[in-house]
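Q: The structure that follows is given in the form of structure tokens.
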Amino acid sequence: MPKGYNCWPNVKSFNLVLNLLVSAKVFDVVHEVYLQAPMLGIEIDVCSLNILIKGLCENGDLEAAFNVLDEFPKQRCEPNVRTFSTLMHGLCKKGKVEEAFGLLERMEKEGIDADTITFNILISGLRKQGKVVEGLELLERMNIKGCEPNAGSYQEILYGLLDAEKYVEGKEFMVRMIGQGVDPSFVSYKKLVHGLCKERLLRDLDWVLKQMARQGFVPKMGMWVQMVQMTLTASVAHLISTIRWKNMSHALFDCLLTGNGSGGEFAARTSFIHLVVTVMEAANASFG
């Protein structure tokens, strides 16, 4: 029994200390405390070993983390989904996505069901390697296995499509997300607006602006500048054939009016958008 105290620590308090040390990144002390478990009468459990694996992965020592995985049978413990997910995350951080998928296969052989966190780790790993198609396939695999994707699952796929400059596919996937009740992030809209302006995809841009307004997002001034530059540099003939001017005007104003900026910011945006709409309507009148 520790001096000055009338009780022995149990495995829960022991694990709490381990986790605090890992969070503080005092990895050498973590190992020393772990070795003291037998002297304190602590019987190591799955949580204890998972905390060790987490610390080793965060320290970049994957070899030692896998050695702890080998320690499970010796401690009469069985690894769980959290064990494998932590190792997968460590592998993906080092770009070893194929090895992470190897762990997924091992999980399935051992009868351990992957959860949403597990799949999200793999989807994120694929995204970092630019493997968008594989990420989409993994998302479908989740559904087949009855593992429901969450906002993080969809968002990683969307970012992957936008990173790959697949803007039309990104917009279509955004429609799918919204249909599943998942709202895309503001950053997603910003990336998509940039891409659609770059590709001069006006019809898709009109939809994106309206959807931003529905979510209560207001484009930043830089986004407005991109849209105006794209509009003014496109040929008037092409604009007339590809966009409904009045609907675009409404979309712009809808986004603007849902903002909650200061009076000065609102006035600046209003003046800016009036200029855009004036140019657009003038072109429409001249060629309509």
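From the backbone N, Cα and C atoms, a Cβ is placed for every residue, glycine too.
What TrEMBL says about a protein is an automatic prediction, not a curated fact.
Remember, it's a predicted structure, so these values are computed and weren't measured experimentally.
Copied straight from TrEMBL:
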- 45-79: repeat 'PPR' (REPEAT)
- 80-114: repeat 'PPR' (REPEAT)
- 115-149: repeat 'PPR' (REPEAT)
- 185-219: repeat 'PPR' (REPEAT)
- 1-24: signal peptide (SIGNAL)
Q: Determine which residues of the chain contact the repeat 'PPR' (115-149) at the Cβ level, with the cut-off under 8 Å and only residues 6 or more beyond its ends counted.
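A: Same-chain contacts beyond the ends: 81, 84-85, 88-89, 91-92, 95, 97, 100-101, 104, 107, 156-157, 159-161, 163-164, 166, 180.
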Q: How many helix, strand and coil residues does the repeat 'PPR' (45-79) contain under DSSP?
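A: Counting residues by DSSP class gives 26 helix, 0 strand, 9 coil.
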